[in-house]
Amino acid sequence: MKIPVYEIASVLEDVKTRMISEDQEKLDWCISQLLSNLSEPVIPPQLLLKSPSLTKEAVSQIEQHSNLLLIRQAKNDEEASKQLINNRMVKYTPLNIKQEINLPICNIDINDFYLDIFELAQEFGGVMIMCMYAQKIFAYWDLFLKMGIDLQDFLRYSKYIGEGYKPNIYHNVLHGAFVMQACHIFLLSSNLVELAEMTPLHTTSLLLSAMVHDYKHPGLNNTYLYLTNEKLAIRYNDISILENYHVAKAFQVAQKENLNIFSNISKEEYRTLRKLMINAILGTDMTKHSKYVTDAQMKLTKNTNFIEEKEFLISLLMHLGDLSNSCRNEKLSDEWSFRVCEEFFIQGDKERSNDMIVNPLMDRYKVNIAKSQVGFIGAVLIPFLNPICKSIKGMEFLLENAQSNKEGWGRRVEEFEDKMVNKGNIYERGFS
Ligand SMILES: [Zn+2]
């Protein structure tokens, strides 16, 4: 039986909680080494066990087709992939809590909404991307100076957060960095910092929320955790389980020595920042989506006084950032769509093998990916974008891109119908 690396890593994470802190650091290093050398297929182990609902052929099809980009490359082009992994291992050293971090010199344009994060990740690795994006974005808004944030504490914090994102297909460190950049672009193109009179504290709360908003995400949703009685569901009383977990853990990290990015702000500022971040991150729970749509219609289209609404705007932009993959160009939008579907399908596989009811949106045997994306963009994203893009000048391009991506998926519905698993022909992602 093959066990995915992330499963081993999560067992080690568990062991770590029962160790003394000196040993914890050593084990952290081992986990980082393990995750930086992803060479095992990420297949839920139960799929590889005998399951009455899965034929051997289906298992081998899933094994062949449902891997991460890097793993697929590793299979197709082993030599190049080994080289890539070796290079990254030379460049990448896990966080030592007292370490001085030097970012690579790289001329990336953080203001480019179409910047290809996947290409950059090939060169620098995901954790380094998180650090580079964070540093450039916070420097752009002059937050190191205005918030008194020590650059080295901030880089260590970013790296620690980056390392805590699990290597899920979708909810990984690149998602955190990508959403943070989306929020940066929203502020940039809307001029809301000026229009809503946002202080550096407000800007920090939005960008930092985006950076940490899925920290330690397990790749399974709240419903699954609730139905399986997972310890996180117990800890957070079934209420916004993951979102509570992400924000609580992110604040815990900042309490560690040499990672306290809040050390130079007053207690009052810290309390305000906490309140804004907790609201924004808890607001990423999709059960709150329709409330956002109604609130956006009520508060933005009927009231153009953004100053009064700045706290609402922070949560709104955070939620928009989280949903905005399909507002990018076709290449980035498609890549994230495939990834989110695959992560859902892995949960669906887990549900099937645990004899649970398989969520229809997560059933790889029933979902037409193109149709699901048309549905998501048309029924979830565009109704949310409409009031925002109508009321905030400079945001219109988000709606135009979403519409164009929806049309693009619409043209591919038949193609994906033919490629569906239940037609005996699992879909091809067509990674290049
Ligand atoms: Zn997210």
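Numbers run from 1 along the shown chain.
Backbone N, Cα and C define each Cβ position, glycine as well.
TrEMBL does not curate its annotations; it predicts them automatically.
TrEMBL lists His171 with the feature active site, proton donor. Non-local neighbourhood of His171 (active site, proton donor): Tyr165, Asp214, His217, Gly219, Glu343, each in the same chain, at least six residues away, with C-beta under 8 Å from its C-beta.
Marked as AMP binding site by TrEMBL: His171, Asn172, Val173, Leu174, His175, Asp214, Asp322, Gln373. The Cβ of His175 (AMP binding site) lies under 8 Å from the Cβ of Tyr165, Asp214, Trp336, each of which sits 6+ residues away along the same chain.
Sequence-distant contacts (6 or more apart, same chain, Cβ under 8 Å) of Asp322 (AMP binding site) comprise Val179, Ala210, His213, Thr284. What TrEMBL lists as Zn(2+) 1 binding site is His175, His213, Asp214, Asp322.
The annotation Zn(2+) 2 binding site is assigned in TrEMBL to Asp214. Asp214 (AMP binding site) counts 25 other C-beta atoms within 10 Å of its own C-beta, drawing on all protein chains shown. According to DSSP, Asp214 (AMP binding site) sits in a coil region rather than a helix or strand.
Here TrEMBL flags 90-416 as domain 'PDEase'.
The secondary structure of His171 (active site, proton donor), as reduced to three states from DSSP, is coil rather than helix or strand. Other Cβ atoms within 10 Å of the Cβ of Gln373 (AMP binding site) number 27 in total over all chains. Sequence-distant neighbours of Asn172 (AMP binding site) (same chain, 6+ apart, CB under 8 A from its CB) are Gly126, Tyr165, Lys166. Across the domain 'PDEase' (90-416), mean pLDDT in this model comes to 95.
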